[in-house]
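For reference, Swiss-Prot lists these features for the protein:
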- His10, His64: Mn(2+) binding site (BINDING)
- His10, His64: Fe(3+) binding site (BINDING)
Amino acid sequence: HIDAETMTLHHDKHHATYVANANAALEKHPEIGEDLEALLSDVDALPADIRQALINNGGGHLNHALFWELLSPEKTEISAELAADIDETFGSFDAFKEAFTTAATTRFGSGWAFLVVNPKGKLEVISTANQDTPITQGLKPILAL
């Protein structure tokens, strides 16, 4: 359970600030476009003067956007395909939950736990510091906390 005050703080303050700061960085180099996923998939190609701002704030925006997208007031079931992939990778859904919980609760300081798809199409649980997004590592996040 996450309380309403924490959710409001993350939505109205943190996420809004990441969006504003990412947009401010992008305004300095309109020639690179605005597709944050594409830009963050090759951070070395970013202009040096905005690279860290986009890593921090673009990552913060993408991480929060995925988190909000996945929230639902109703309990939902995962797809049969994802359930099978989880069983294949982790052995069981309970083992996945344990791995994900460990990733979320053992991060020192601020950060995220993710279920990602790696370039080989396999699932992994990872943890990133601060607002680092798995996209910079060539991973596709499908669950974020």
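Just so you know, the numbers here start at 1 and follow the chain as drawn.
Each Cβ is built from the backbone N, Cα and C atoms, and glycine gets one as well.
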So for His64 (Mn(2+) binding site), how many other CB atoms are inside 10 Å of its CB?
20
Count the Cβ atoms, other than its own, that fall within 10 Å of the Cβ of His10 (Mn(2+) binding site), considering every protein chain shown.
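Taking every protein chain into account, the count is 15.
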